[in-house]
Amino acid sequence: MNCEMVTSPESVNLGDSNRAVSPFCLPDCSENAVAQTRSKTLDNAALDLPYVGNRKKSEQDFFKMLSSRDRDAHSTLRKRSNSLSSFLSTKSTSASENKFHGGLNWLSLKLNLLLRLQGRMNSARTNTSMNPYSCDSNENLSTLSSVNQNFNSRQLLATIVPESIQNGCSLLRITKKKVRQRKVSLDPISGYLMLDKNTGKAYKKLCVDDIKEIRQGRDARNYREQYKISSENEKRWFTIIYCADNKLKAMHMISPTLDAHNQWIMALEGLKTYRLNEFIIGLNLVCHQGEKMIDYSENLNPWEKLEKEQSAQLDLGDVHRMCQMLHLNASMEFLEETFQKADADHSGKLSFEEFQHFVSLLKTRSEIVDIFKEYTSGSDKMSLEQFRHFLSTSQKARLDSDSIRTLYVSFCSNDDSKMGLIEFTSFLLSPHNSPVVPVIQDMSRPLNEYLISSSHNTYLLGKQFGGESSIEGYIRSLQRGCKCIEIDCWDGPNGPVVCHGHTFTSMIKFNDVIDAIRKYAFVVSPYPLFISLEIHCCPDQQRQMVSYMKQAFGDTLVMKPVTANESVLPSPEDLLNKILLKVKCSATPLHQFSTDILKVGITDSSTDTTESSELENSELTGLRKGKRRMKNIIVQELQQLAPYARSLKFRNFSLPESKTYSHIFSFSERTIKKHGKAMVPRLSKHNLRYLCRVYPGPLRVGSTNFNPQVYWRLGVQMVALNWQTYDTGLQINDALFIADPPTGYLLKPPCQRIIGTTVGEEGLPRKIKLTIDVISGQQLRRARELSNSETLSPYVEIQVHSMEESPFRWCSKVVHENGFRPFWGETMVYESIISDDFYSMIRFLVHHRGSNGNDSIFANFTCPIDRLQQGYRHIRLLDMQGENLLFSSLFLKIKKEDI
């Protein structure tokens, strides 16, 4: 059934006064009818909207599109997109991603896309194949859809996105001020969700590739309640979480019927999964068992018998348009040169066989061919002994003979049990050749001996002044492996709320935050989660917090010591899947007055636990002038929920309270800078035994980050950063905790956890030489801001962040108009004296040189120098939101030596 556009009423601004009268009001175009519309429920209005279509029939059609072996997996289609989004939100290079070799046989399989655009799809058929795509090296996600060869892409897309949704349906869009009907359509070809297209109005569009998650039902309840929408609409409400301008945003919709709602969810999730599948299909994949190469082009014939042989030929323009569709950022000059090599009969058009040759030419990487020839003495096969020689001399691998043999056999061809060029390339791209040394650490040490991935102002999505508070900040942080989050609690009209006090930020319910934490606390890592509570609530609302946390967290909340008579903190292993509260505690009477002056302006989170005695003296002056306020009273019921992170106001490192194993000090960066070098040795000594947290100062209104290396070198366990800002500081933080899967914990070096040692005692400062050959790039993704006529012109910048105040920088030349396979062949040499290579970082940035001379960074990768492996390595790139750029990599040769 087609979904016709319904004439929507004029939008009416729904202020707080309107919302207070009715949980939900559909606005009327008549000013005189406003009072009547306040009593009109959304359900009644929704009944007037047309039915989107027959979802059951669409599902049956979709089943027909699947091969028999995949029909069992169809039931997971609705969950698959969210699972993939969750996986892709983590920036760690997982083993599964490396199982996809960046070859180009998929071009052959997707010729039908171009033919469809040319109107020649009558006889062309496509046959796609299953791809393993797992969250880690051991477990696969639900298998991606396999499409039967009797159906083409047009049929599949029409099934995923019904015609009614393609043409546009009336949905209600909910914003802060308005509720209005919008014509919403989904274009399966471009992948854009569009609002009010072809209605004569300015329209908004959103690419499904930018969708991070789709929330519905109870998972979106907090948004529905925030906008005061009746619970009767819960089943038809869905929230699209997407990324735009490097920020998380939310789009809220209500479908007219439950069937329409379900069809929209399936269309959005199905198209997102399909597009990811399209990007993967046809690549030279590595099988999950044995990780052997499969060349699908030998097994598939998507062309079959065409009615007209001439329609099976492509000219240079066709190939260029196809490469643009498939994000192959190659210049016209490069494509023309390759095209001419493949055009054997010089006809100016490619047959299918010639196109296969064209693809093989694109796939050929001369730099790997040269390496292969060097270690095989020109042979077309690499023997076991030659492979062993390559690993030991080039890659500096320390593997025993049996391990090398097992690795070699797993990559050998089934035909002759020998490693050819394709298998060798597969190895270079596999997790077995990762550029980063895997983290294998003891998790049985006390908590104070670990660095803990920590977030500051977790609830904010943007700036500290006037920004938006959202549970998305908590969800995204937890999905990325954060293990210490912050909640600023304030009195709300109907219970505690979370916001950044006195800064005009929005508010969210405390209970909604707790619900989100409960759901996502351990989805990535089972190790304990710290919740830093900053309390600004009255005693009654504090008790409400206690009650709800006990109810929501249950046994996962640690409310008493794990064992009796403890003298040291428990280990992460002792606290698997446990939640620890960090709460300000005091031995002084609860009714005392504070010496805090009333501060005007931006609230510095945690200030009540960080000020030194020097600051206290200045505040006493304020008291004499009559500027005083009642200290926040932390009720005993709440203090008792923090057996291992009792936050104390810092007075002196020598006091008895500073030597209790369960206390924690919190300092702003401003406080540490103010005390300077005098504080450094005492703080470092304190952090050998006890917990400490450092967070950004209040003047960072843009939510920027400091360099966390400064505080890691002092042994600070919880260096809290603004995770909403993916700047250099956060990239360095992510690099330190990089792991697959992420744990959120990293054991400190011995000098920072063993009493009696000092920094550098494991080894004197040494001079190192780091040589990196920047060889080439692979399938660099086109930056969104580029115009359709502009081709990527990349260059590489390398930075070394060590103890120097300014990082070392080196830049390559610009490769103009080639983002598909740029070749640099340049060498960076870095020499320096290093005593703390545990915290020293190397950072790779890929820039685009614009036609107007403006440069922009579109990809990055950061890694600790001491964990950077030597030899030929592919580094997997991230975009500037910290998301994986699938199949985009830099090919390097790395050498480290002491001099």
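Numbers run from 1 along the shown chain.
The backbone N, Cα and C atoms fix where each Cβ goes, and this holds for glycine too.
As recorded in Swiss-Prot:
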- His456: active site (ACT_SITE)
- His500: active site (ACT_SITE)
- Asp343, Asp345, Ser347, Lys349, Glu354: Ca(2+) binding site (BINDING)
- 330-365: domain 'EF-hand' (DOMAIN)
- 638-753: domain 'PI-PLC Y-box' (DOMAIN)
- 750-879: domain 'C2' (DOMAIN)
- Ser83: phosphoserine (MOD_RES)
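Everything Swiss-Prot records as a feature, shown here on the structure.
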residue: Asp343; record: Ca(2+) binding site; DSSP class: coil
residue: Lys349; record: Ca(2+) binding site; DSSP class: strand
residue: Glu354; record: Ca(2+) binding site; DSSP class: helix
residue: His456; record: active site; DSSP class: coil
residue: His500; record: active site; DSSP class: coil
Among Asp345, Glu354 [binding-site residues], residue with fewest other Cβ within 10 Å: Asp345
Extra residues within 8 Å (Cβ to Cβ centroid of Asp343, Asp345, Ser347, Lys349, Glu354), Ca(2+): Gln313, Ala342, Ala344, His346, Gly348, Leu350, Ser351
Other CB atoms, at most 10 A from the CB of His500 (active site): 23
Among Asp343, Ser347, Lys349, His456 [recorded positions], residue with fewest other Cβ within 10 Å: Ser347
Euclidean distance between Cα atoms of Lys349 (Ca(2+) binding site) and His500 (active site), Å: 63
Cα separation, Lys349 (Ca(2+) binding site) to His456 (active site) (Å, whole number): 59
Tally of DSSP helical, extended and coil residues in the domain 'PI-PLC Y-box' (638-753): 39 helix, 20 strand, 57 coil
